[in-house]
Amino acid sequence: MEGPAFSKPLKDKINPWGPLIILGILIRAGVSVQHDSPHQVFNVTWRVTNLMTGQTANATSLLGTMTDAFPKLYFDLCDLVGDDWDETGLGCRTPGGRKRARTFDFYVCPGHTVPTGCGGPREGYCGKWGCETTGQAYWKPSSSWDLISLKRGNTPRNQGPCYDSSAVSSDIKGATPGGRCNPLVLEFTDAGKKASWDGPKVWGLRLYRSTGTDPVTRFSLTRQVLNIGPRVPIGPNPVITDQLPPSRPVQIMLPRPPQPPPPGAASIVPETAPPSQQLGTGDRLLNLVNGAYQALNLTSPDKTQECWLCLVAGPPYYEGVAVLGTYSNHTSAPANCSVASQHKLTLSGVAGRGLCIAAFPKTHQALCNTTQKTSDGSYHLAAPAGTIWACNTGLTPCLSTTVLDLTTDYCVLVELWPKVTYHSPSYVYGQFEKKKTKYKREPVSLTLALLLGGLTMGGIAAGVGTGTTALVATQQFQQLQAAMHDDLKEVEKSITNLEKSLTSLSEVVLQNRRGLDLLFLKEGGLCAALKEECCFYADHTGLVRDSMAKLRERLSQRQKLFESQQGWFEGLFNKSPWFTTLISTIMGPLIILLLILLFGPWILNRLVQFIKDRISVVQALVLTQQYHQLKTIGDCKSRE
């Protein structure tokens with residue numbers, strides 16, 4: 001911006017249809033789906049970049065929601081300028097230039113939304129007065145629509161020269177690390193906290209000088225969010241790709257009392273569990289039933305003498321039991337509030353009365369035994385172990401008070417249980433008999449939520465008590481929690497794929513996920529179909545599986561035993577298929593060459609010796625012939 005100083009700046013200038021088919025199918029399926037939970041915690045990184053040099057002036061990462069992850073960003077003016085202003089005497093290469101730059105005001109103009117007449121990058125988007133929206137100047141530039149405010153830090157302007165503390169003596173006052181003495185503070189405005197940060201936003205910064213041209217620099221602000229959501233599939237629908245048979249039978253270990261170690265024996269460090277593999281349909285559902293059995297067998301062993309545990313084919317697949325508990329406050333998001341713990345599925349059925357957060361509507365106040373309102377401030381409410389917050393926007397282990405203050409969300413603390421029904425053997429066998437038993441009324445289906453509701457708040461999840469039962473109970477409950485978490489993620493992924501699917505309607509209708517999963521188990525002989533349920537027999541030895549699973553286990557053991565008995569040479573052929581071809585190709589020439597090297601000298605010596613012998617014989621014959629002739633001539637002369 002050129003020209004003399006002005007007396008008064010100008011005023012700021014303020015510049016379908018949904019997928020009905022998918023929605024209808026989801027409503028038909030009875031599954032409540034929301035967008036990503038507003039309480040979902042992400043790893044958010046804000047990056048300030050000098051567009052003149054491409055260097056990063058600030059990179060700040062934090063855990064938070066998309067609503068409250070807007071920290072203050074601190075950096076230095078020289079991080080945005082570099083050596084660009086050296087010709088004006090205000091550059092950052094020398095201490096004097098850094099000190100002089102500190103005495104001038106500065107103003108900032110947005111480049112992401114450029115009003116008419118404000119110019120382009122060359123002018124720093126400040127082509128005329130009134131384009132500036134923030135800065136540190138005597139006329140106090142501001143704006144009601146821009147996304148950020150940029151001010152100077154708390155370093156006094158009259159502080160000494162901006163010497164680099166690493167290059168000068170420590171006695172010199174005013175020396176700072178790197179000679180940075182022009183600190184800036186970037187804050188987000190209310191408009192910035194509501195804006196979309198899908199791409200970088202650009203601003204121009206200029207120093208205000210009474211005469212001459214105001215020097216220009218430009219910077220960008222970018223938000224990077226890790227694990228923000230699943231990838232959008234384009235091509236074959238991935239919903240049914242993980243419908244795999246169980247990889248191996250589930251081994252149920254009965255609880256055993258701990259045995260004291262022998263005197264003088266060193267403590268045994270438990271082996272590290274092998275890395276988990278991606279589970280298919282069979283493994284995931286069987287783990288879910290097995291976890292339910294473990295928890296039920298531990299708390300009510302009389303009910304597992306002989307029973308049938310059944311998975312329902314129709315939703316809801318999970319139930320919630322409202323409980324009372326003590327949550328913990330955190331100023332920053334704890335580790336258990338990660339993206340992997342978030343679920344955008346909502347519960348269609350919650351029983352009991354528990355702890356409620358925020359203002360509940362009258363239609364849901366029957367779920368509240370105690371209602372608490374959040375106080376002022378920004379912090380996270382972490383649910384106790386074994387529980388989760390059930391909100392109208394989804395399931396989450398942590399609540400953000402910032403989100404609760406800005407929205408109409410309401411949440412209740414619940415235990416989450418899979419929809420597993422419990423049947424006695426007589427009822428199940430009666431259903432399969434040719435002449436079915438007639439009941440005056442349909443027997444009441446006992447679910448896991450009715451049998452084990454309140455288990456976590458009773459102390460089992462927290463590990464209350466020092467006996468063996470409490471310890472084993474905690475392990476079994478954690479196994480059930482892990483199985484539920486895996487299954488919830490897969491159901492959630494299936495619904496997301498349905499929402500994003502670009503395939504035909506027939507394929508979308510085919511993806512009634514849980515029905516296909518249970519049909520897959522039934523056709524594989526792994527469960528018995530009882531009405532709309534898939535049932536597994538269980539007794540005190542655990543879940544009974546199909547004999548084919550045991551056969552697969554035996555074959556796997558035999559294969560491992562066979563491989564362990566092989567020598568190292570045989571193992572080479574099994575581990576490297578190309579090794580066999582290579583050996584068979586070069587073995588013939590290699591053997592011939594080896595035979596030549598071994599027997600070649602001996603054969604050559606024998607051949608040379610044979611030739612010498614033959615030559616010696618020939619020479620002897622020649623000499624003998626000559627001697628015979630001389631002797632004959634001598635005899636003739638003597639006769640004469």
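Placed from the backbone N, Cα and C atoms, the Cβ positions cover glycine too.
These numbers come from a predicted model, not from an experiment.
As annotated by Swiss-Prot, coiled coil applies to 473-509, with the evidence given as sequence analysis. This prediction places the mean pLDDT of the coiled coil (473-509) at 63.
Among the features that Swiss-Prot reports, disulfide bond is placed at Cys109-Cys126 (among others), with the record citing similarity to another entry. Annotation for Cys109 (disulfide bond): same-chain Cβ neighbours under 8 Å, separated by at least 6 residues, are Cys118, Gly124, Tyr125, Cys126, Cys131, Glu132, Thr133, Trp203, Gly204, Arg206.
According to Swiss-Prot, the disulfide bond annotation covers Cys118-Cys131 (among others), on the basis of similarity to another entry.
Its own atom aside, the Cβ of Cys310 (disulfide bond) has 26 Cβ atoms within 10 angstroms in the protein chains shown. The disulfide bond feature in Swiss-Prot is assigned to Cys307-Cys310 (among others); the stated evidence is similarity to another entry.
The Cβ of Cys391 (disulfide bond) lies under 8 Å from the Cβ of Ser37, His39, Thr346, Leu399, Asp409, Tyr410, Cys411, each of which sits 6+ residues away along the same chain. The disulfide bond annotation in Swiss-Prot covers Cys337-Cys391 (among others) and rests on similarity to another entry.
The disulfide bond annotation in Swiss-Prot covers Cys356-Cys368 (among others), and the record cites similarity to another entry as its basis. According to DSSP, Cys368 (disulfide bond) sits within a strand segment.
According to its DSSP assignment, Cys411 (disulfide bond) is in a strand. Feature annotation from Swiss-Prot assigns disulfide bond to Cys398-Cys411 (among others).
Counting Cβ atoms from all protein chains shown, Cys534 (disulfide bond) has 24 others lying within 10 Å of its own Cβ. Cys534 (disulfide bond) falls within a strand segment according to DSSP. As annotated by Swiss-Prot, disulfide bond applies to Cys527-Cys534 (among others), with the evidence given as similarity to another entry.
Asn43 (N-linked glycosylation site) counts 17 other C-beta atoms within 10 Å of its own C-beta, drawing on all protein chains shown. The DSSP secondary structure for Asn43 (N-linked glycosylation site) is strand. Feature annotation from Swiss-Prot assigns N-linked glycosylation site to Asn43 (among others).
Within 10 Å of the C-beta of Asn58 (N-linked glycosylation site) there are 18 other C-beta atoms, taking all protein chains into account. Per Swiss-Prot, N-linked glycosylation site is recorded for Asn58 (among others).
DSSP assigns Asn297 (N-linked glycosylation site) to a helix. Positions annotated as N-linked glycosylation site by Swiss-Prot: Asn297 (among others).
Here Swiss-Prot flags Asn329 (among others) as N-linked glycosylation site. Note on Asn329 (N-linked glycosylation site): other Cβ atoms within 10 Å of its Cβ, all shown chains, come to 12.
Annotated N-linked glycosylation site per Swiss-Prot: Asn336 (among others), in sequence order. All protein chains considered, the CB of Asn336 (N-linked glycosylation site) has 14 other CB atoms within 10 Å. Following the DSSP three-state reduction, the secondary structure of Asn336 (N-linked glycosylation site) is helix.
Taking the Cβ of Asn369 (N-linked glycosylation site) as centre and 10 Å as the limit, one finds 15 other Cβ atoms among all the protein chains shown. The feature N-linked glycosylation site is assigned by Swiss-Prot to Asn369 (among others).
Taken from Swiss-Prot, the feature region 'Fusion peptide' applies to 444-464, supported by similarity to another entry.
Per Swiss-Prot, the feature signal peptide maps to 1-32.
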DSSP-derived class (H/G/I helix, E/B strand, else coil) of Cys391 (disulfide bond): strand
Around the Cβ of Cys118 (disulfide bond), the count of other Cβ atoms that are within 10 Å: 23
Residues that sit under 8 angstroms from Cys337 (disulfide bond) by C-beta distance, when 6+ apart in the chain: Val41, Leu63, His380, Ala382, Thr396, Pro397, Cys398
Cα-proximity to Cys534 (disulfide bond), 10 Å cut-off, over recorded positions Asn58, Cys307, Asn329, Cys356, Asn369: none
Asn336 (N-linked glycosylation site) versus Asn329 (N-linked glycosylation site) - Cα distance in angstrom: 13
DSSP-derived class (H/G/I helix, E/B strand, else coil) of Cys398 (disulfide bond): strand
Pairwise CA distance, Cys368 (disulfide bond) versus Asn43 (N-linked glycosylation site), rounded so that it is a whole Å: 33
